[in-house]
Amino acid sequence: MAEPSAPESKHKSSLNSSPWSGLMALGNSRHGHHGPGAQCAHKAAGGVAPPKPAPAGLSGGLSQPAGWQSLLSFTILFLAWLAGFSSRLFAVIRFESIIHEFDPWFNYRSTHHLASHGFYEFLNWFDERAWYPLGRIVGGTVYPGLMITAGLIHWILNTLNITVHIRDVCVFLAPTFSGLTSISTFLLTRELWNQGAGLLAACFIAIVPGYISRSVAGSFDNEGIAIFALQFTYYLWVKSVKTGSVFWTMCCCLSYFYMVSAWGGYVFIINLIPLHVFVLLLMQRYSKRVYIAYSTFYIVGLILSMQIPFVGFQPIRTSEHMAAAGVFALLQAYAFLQYLRDRLTKQEFQTLFFLGVSLAAGAVFLSVIYLTYTGYIAPWSGRFYSLWDTGYAKIHIPIIASVSEHQPTTWVSFFFDLHILVCTFPAGLWFCIKNINDERVFVALYAISAVYFAGVMVRLMLTLTPVVCMLSAIAFSNVFEHYLGDDMKRENPPVEDSSDEDDKRNPGNLYDKAGKVRKHVTEQEKTEEGLGPNIKSIVTMLMLMLLMMFAVHCTWVTSNAYSSPSVVLASYNHDGTRNILDDFREAYFWLRQNTDEHARVMSWWDYGYQIAGMANRTTLVDNNTWNNSHIALVGKAMSSNESAAYKIMRSLDVDYVLVIFGGVIGYSGDDINKFLWMVRIAEGEHPKDIRESDYFTPQGEFRVDKAGSPTLLNCLMYKMSYYRFGEMQLDFRTPPGFDRTRNAEIGNKDIKFKHLEEAFTSEHWLVRIYKVKAPDNRETLDHKPRVTNIFPKQKYLSKKTTKRKRGYIKNKLVFKKGKKISKKTV
């Protein structure tokens, strides 16, 4: 489909009106009547078509308006990329080039294996360091897009003789892709509105904290590249719907394939695009463009997504993919009915329509029920089901609810991660709904669904951030265009609709009255009152102040909240000097250097990836959490007393036990604060042995002091955390054994171990490692050793001076001779 070109008079008036309108001109001229800033040519010229602009010669260069606009757009995008990349380097500057958090350590370890052994070995890699004694087949249980991307960049750089360590590639991958995300957001917003809004959206998403939180340097996680793939897929989908081109649809399928390989959030795409098509059908906006775009996307995208080993046959056998299949069948039926509509009478078509829709709906409904009942279609997984029923995971699957990223989002988090964009985002949504068309239906659905999911789960704030940046950019763009534009030449933007096209073909009715004026023509020709220069200046300054405050807030949040690696902690003194707490790496290095290569370490699943990545030791559970029963067994060991836990540890061949304790430095993320989740997960698998109520006081409190539950004070986790802590007095104002994290004096200070021994405690007591003793060769007797209370009358004094004198046995029993009973007493 050829896009209409804008007249030359439009470029001239836009450039003369204001600098912001000049920036908008390229977007308006590119998209014709799709963009809100575009004007109708016949209207501007009083119904007479203006002359076509003369083609620019090769010597035009930057003398043409489009040349300056292209240069300005390129400069703004480059600066946005540079600002986004630079703001993500706080962690590298303050600490060093290091992998952050927990999951990135497994991704780095997998990427290192891929770069060292090749792609084929990576797909067939069996990791014996994880989930002892089960192990893990890595190639079929990961989304390999992140590893392949980093490995490919590393291979290209080394091919060009640029020697770079694979760790540095992993550290700086997410900041690099943030620039690509800015470009893809610019392209998508330009398709939805105009070029000025696209440039604002690119600047917003480059520095917004909601996206920076998962893309700082060192955060080598799937989301670092997945948001770029998400935005680029949406851009290509909008392009496909607007043009109906198979080429753009195939590009969309390839981008979707990359998204599937990178992140499990691809399910959001495969449900949002069918929802878009379904709503277009309900709004009677069906067209051949929509049919070509979705039919091609579903078939090719389905086949490509099934090539990922971890995905496999899920697109045709899981409930979260069934909506796409249903919309595909509905679209084919709708297209077939449109075909019959042109060949049947109205009465025949209505009868066939109701009969066909009823039969098709009944057949689909019965088929889904049958396939679900027989087990061919798997039900919703726990993570997806918890999006609809927010209390489901906490009751039935506590392992999902125990993850901090799966908690509901607080109201403060929205402002903290989005700042002023929260307020301007609804305004941009209203502008899109007011000037609705096919692609703006998509962004409206995107916004509504993303807001819901972000409210349910804090992790999904990441999917809300791009659409908030886009719609806020549209709102700011309209304000700037309104207050920086020329009052005499401002007109309402036309909206592409089927009713407008009908009015153009039928400008008047034969039976209209002579003095009758059509309503919509009157509204279009209605002029607005001019705005004074003072009002324009005040509003513009206020908008610029808001944007400056937004930039300052983003920089502050990035620096203070999202640029601290969890592996290295830092604290500040009263004079501003900084203390580095490197207990984690200290403990992992001790494990690497002082334990056997095949030693097995038991810890809570949060630290499994870090132990395998930094200490290179075998773990029982890790952050993959694919086996709930195995995690529950570890939780049972932590929640039981020492004797019961020792039996579990012996059955799992555990050599060392690692716990995190923050009572000395006030670290709130330690294992005592996570302990109730261990109890809940263990109770789900072993309800007869572990009960959560046993760890609370009769008043229902979780306390670590003397008033705490006896079950809690004698469990293995409590004893390992507070061993020898009762002897430590941290401050002259507090008693010995005072826990700074829970602000309480511990209740059990006399802790002794029978089956464990302390092997290592880090400098600040943050990481504590215990060695599991081997079983005794001979069982100890149950009875106590003999104790006598009979002592000699005289204190022993050694008089042995020569060998001839007899010796003396110390503590020898003294027997008293009995007396004969006299006959008189009898």
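Backbone N, Cα and C define each Cβ position, glycine as well.
Here Swiss-Prot has Asp221, Glu223 binding Mn(2+), and the candidate from Asp103, Asp127, Asp342 in that same listed site is Asp103. Checked against Swiss-Prot, the domain name for Ala217 matches that for Arg459, so both face the same side of the membrane. In Swiss-Prot, the annotation transmembrane segment applies to 174-192, one of the ranges 174-192, 592-610, 763-781. Per Swiss-Prot, the annotated N-linked glycosylation site among residues Asn16, Asn627 corresponds to Asn627. Taking Cβ pairs closer than 8 Å, the motif 'SVSE motif' (402-405) reaches residues 457-459, 674, 677, 680-681 in its own chain, all 6 or more past its ends. Averaged across the topological domain 'Cytoplasmic' (283-287), pLDDT for the predicted model comes to 91.
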